[in-house]
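As recorded in TrEMBL, the features of this protein are as follows:
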- 28-49: transmembrane segment (TRANSMEM)
- 61-87: transmembrane segment (TRANSMEM)
- 94-112: transmembrane segment (TRANSMEM)
- 118-141: transmembrane segment (TRANSMEM)
- 153-171: transmembrane segment (TRANSMEM)
- 207-228: transmembrane segment (TRANSMEM)
- 256-283: transmembrane segment (TRANSMEM)
- 290-319: transmembrane segment (TRANSMEM)
- 325-345: transmembrane segment (TRANSMEM)
Amino acid sequence: MSILDQPPSSSQLSSSSMAGGGMTRRQAWGLFWLLAAALVAWLVFAVWPDWLNAILISKKAFVSAILNGITLAGLYFLVASGFTLIFGLMRNVNLAHGSLYLLGAYIGYEVANRTGYWLLGVASGFIVLAAVGVVMQIFVFRRLEGDDLRQTLVSIGISIVAADLMLAVWAGGTYQIAVPEWLDGALTLPVITAVRSNGASVFLTYPLYRLVVLAAAIVIGVGLWLMLNKTRVGMMIRAGVDDRAMLSASGVNVHAVFAIVFAVGAGLAGFAGVVGGSALSVAPGEDVRYLLASLVVVIVGGMGSISGAAIGALLIGLAEQIGLVYFPTYGIVLTFVIMVVALAVRPRGIMGKAR
């Protein structure tokens, strides 16, 4: 076959389609995101007509639901990021992860309440739960390595015992971790929700603390991604998951690496407990709620993927809060509908990869 007889390449087809006035896939996606950004900007900054307010209750309700969903996604990501390290990356089936969240919240409450220093409570929640994670990894999960069924049963037993012990110590009351004054109050955002009769714009106010939680989630997410993908420690972690014998033969203490990863994952759960207890509340049953949320986030996002956990948390947080405002009866169903649809389209999760 001569050169003239060869079929055109994809690049040649793309060039010819552009020359003929067509649009490449990349251009189509660029146009889509541009239109989506314009739509979001209009929804946020423009004054809504009456018919749109009638459909979506009000602009303030809609924008508040979106912001609540995004900030709740930040909290879900903080919990699920630790679960992603332990369950998604290391393949340790730790169904006591919700108990780590609740225990961290209680410890943070006690320390902050007794000392008056909220930051000390946050640090205590992370450090104490990181130590608990090391103990669990050494004495439980290291001995049950590779036996998923036994890990599941033992971790369920740990969560039941932990729930009863926490109930005995802190009873069944609801606690609120007080945030410092510099994090309290509301922040005025450049979002116009209405216009008064005199022409003055009414701007949206939103709790400052929730925005700080979102910022913390973004910083921690970026830090974890950089650690796992751009550092030598991250390379050792991923190598240990894929081929433990080879990493051990190279002189790396695999047990120490896995203990550190488990400590970071458990510490993040404790950190999220204090942060979540400050934004919402600390009460029995929160362990089950955040365990289920972490499971859904990791399954939707993809096992072992930090970016997937962020996407999954965003989808679940938005679905939960939008459903709470517009579909209160079926709000919780939206979460599992998203999980089913995501698994139907991407069985390994949105960012999951074959191993």
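A Cβ is built for glycine as well, from the same backbone N, Cα and C atoms used for every other residue.
Curation does not apply to TrEMBL; its annotations are automatic.
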Which bits of the chain, at least 6 residues beyond where the transmembrane segment (290-319) starts or stops, bring a Cβ under 8 A of a Cβ in it? 66, 69-77, 79-81, 83-84, 87-89, 95, 97-99, 101-102, 159, 221, 224-225, 228, 241, 272, 276, 331, 334-339, 342-343, 346, 348-353
Out of 28-49, 61-87, 153-171, 325-345, what stretch is closest in contact terms to the transmembrane segment (94-112), meaning most Cβ pairs under 8 angstroms? 153-171
Using a Cβ-Cβ cut-off of under 8 Å, list the residues of the same chain that are 6+ residues beyond the ends of the transmembrane segment (153-171) and lie near it. 93-96, 98-99, 102-103, 106, 136, 140, 144, 284, 287, 291
Mind pulling out the one from 207-228, 256-283, 325-345 with the most Cβ pairs under 8 angstroms to the transmembrane segment (118-141)? 256-283
Surrounding residues of the transmembrane segment (28-49) on its own chain - C-beta under 8 Å, 6+ positions past either end: 56, 59, 62-63, 190-192, 194-195
